[in-house]
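To start, the structure itself, in structure tokens.
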């Protein structure tokens, strides 16, 4: 049994299936599980197990998601599949299932459909970096030219949303036939696995990214100075490092003169750890919750951005009524609420609970942000929406 322990050393990559209803996302997920476990070992999850997706709650939002795992010789994959369109929307916006790459499933019998387009747009908005296409149900199309036409359509659609439509891998296969164990179609699943391995680059680990710590609390320790505490989101902070305090007010520079965890002094604080960072020459009043401590020049404060937002339904504890332009809720980033105003797209008068919508948000003061940052929309402490920064404007 030494092998299983060794497997953990393989790079871990998060992927998922996206695409129109009934184009075969769940069947493909089951086929990948079956073919890869047969070829490389691992646990098989059948269609019924995947289709019966457990209900999860992410930031108060109900999402049905199935998680499966599989291995190729060089990598370990975690794969998400959702039963309904609404689950995809919620999953992608809340970042409940962050994807390093997505498998877009398009039935060759139908070609691209409305949700195909919507999932590609969502992938663009929430920052899914890579898409691989699996053209499904190819066993049902005899006409070679028709297959070529569908492939061309899908590639054009992806290019329309700034994905490299001409260059990304498109695999023509049949998930059902692969699941039934027909060798020619099983080979297509292995071809898809090969595309995952080669086309999606190994994701950068949190610890290798530039240091960032969202400040949760500030203390002054007599004779030592000011300590900020929080959980390191990414990177490493070492004693002696220069750091910036970003957001809310003008950015200031200081130096980390100590790191402590559970009252012990350390040389560094790493991604995932809760720690206190001692700052040189910083006054207690210079720093507040809602700011971040970061590697200099790695992140900037912004107030205006385009976002993709999911508005909670009444059943999820959201609003019972729509909202209109002029709506001024709080936007909760990392550790703090900031009031902001919204601008709705041309021709949209109101937003109903349960909708997803693109909106431009302007905050009353700046917050440290990058594209892809998640936030909640709150009214008096109650979450009424979830969003993601799609594009920073100012």
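Any Cβ shown, glycine's included, is placed from N, Cα and C.
Checked against Swiss-Prot, the range among 124-127, 128-131, 132-135, 136-139 recorded as region 'G4' is 136-139. Range annotated as region 'G1' by Swiss-Prot, chosen from 19-26, 27-34, 35-42: 19-26. Looking at 60-64, 65-69, 70-74, the range annotated in Swiss-Prot as region 'G2' turns out to be 60-64. Swiss-Prot lists region 'G3' for one of the ranges 77-80, 81-84, 85-88, namely 81-84. Taking the Cβ of residue 138 (GTP binding site) as reference, residues of its chain lying under 8 Å away and at least six apart in sequence are, in sequence order, 108, 147, 172, 173, 174. Count of Cβ pairs under 8 Å against the region 'G4' (136-139): among 19-26, 60-64, 81-84, the largest is for 19-26. Here the region 'G3' (81-84) has long-range neighbours at 16-17, 21, 25-26, 29, 50-51, 53, 63-66, 68, 91, meaning same-chain residues at least 6 beyond its ends whose C-beta is under 8 angstroms from one of its own. It is 10 Å from the Cα atom of residue 26 (Mg(2+) binding site) to that of residue 19 (GTP binding site). DSSP places the residues of the region 'G4' (136-139) in helix, strand and coil in these numbers: 2 helix, 1 strand, 1 coil.
DSSP assigns residue 82 (GTP binding site) to coil in the three-state reduction, outside any helix or strand.
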